[in-house]
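As recorded in TrEMBL:
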type    : residues           : note
BINDING : 107, 112, 117      : oxalate binding site
BINDING : 110, 112, 117, 161 : Mn(2+) binding site
DOMAIN  : 59-216             : domain 'Cupin type-1'
SIGNAL  : 1-18               : signal peptide
C-alpha cells in the first residue's frame, strides 16, 4: 500500500511539474535584463548585473506607429519585439509584433512553438484562421473568422495559423501579443521546401502524394521570410 501511495505521489508531482514548465518559467526576481554578451549559455539569457540596469534596458524606440515595407512575395511584414531587441523582456514571458499587410497580402501558414498569440486589428480587414492538431477522428479542424478594425482573435500555442488581407485596394495593420519572450516561428512552406540542407524529395513526394518533379520545383523556389 505504501509503495502504491509513493508511486501515485511521484506520478502526480511529475504531472504538476510538466505543466509548470510547459511555458516560459516565472521570474524569481523583479527583473532579469538580458546580458546578450555573456559567454555563459543558459535557457534564455544570463541576467545583467542589477546595479548596471537602467531605464533604457526596458525601452526601445521601435517606431511601431510607422508603416512597414510589404513589397515581398507574400505581401506582409512582421516586426517582432522580443528579448533580443528589448533586453528587459528576458524572463517576463511576453513579446509583441506589428504586422503590416499589403492589399491581398498574407502572413502565410506558420506556428509559434513556444507561444499563444492574441491578434488585434488596427486598420483594415483580415481573414484569419488556425488548424487543430489531429483529433480523435484523425481530422484537422479549421477555425476561421473575418476580422474588422478593433476585433481580436486568439491562436493557441503551437497550432498552424495564418492571416490574409482580402481587400484588393487597402492595406491592413495588426498588433500581436505573444506569451513568450522568444515565441519562435516556423513558416510551413519555408521549413518544408526551403530547409538547409533540403529534405529528401523522396520523403516529400511520398508525404504530399505528388511526383518528385513537383517537389524539386517547389524546393527550387525562393521562400520569402517576412519577419524583420
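Including glycine, each Cβ sits where the backbone N, Cα and C put it.
Since this is a predicted model, take the numbers as computed values, not measurements.
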Sequence-distant neighbours of residue 161 (Mn(2+) binding site) in its chain (C-beta under 8 A, six or more apart): 109, 110, 111, 117, 128, 129, 130, 131, 155
8 Å Cβ shell about 110, 112, 117, 161 centroid, Mn(2+) site members excluded: 111, 115, 130, 155, 159, 160, 183, 185
Check: same-chain CB within 8 A of oxalate site center, minus 107, 112, 117: 97, 110, 111, 115, 119, 155, 161, 176, 178, 183, 185
Stretch-averaged pLDDT - the domain 'Cupin type-1' (59-216): 96
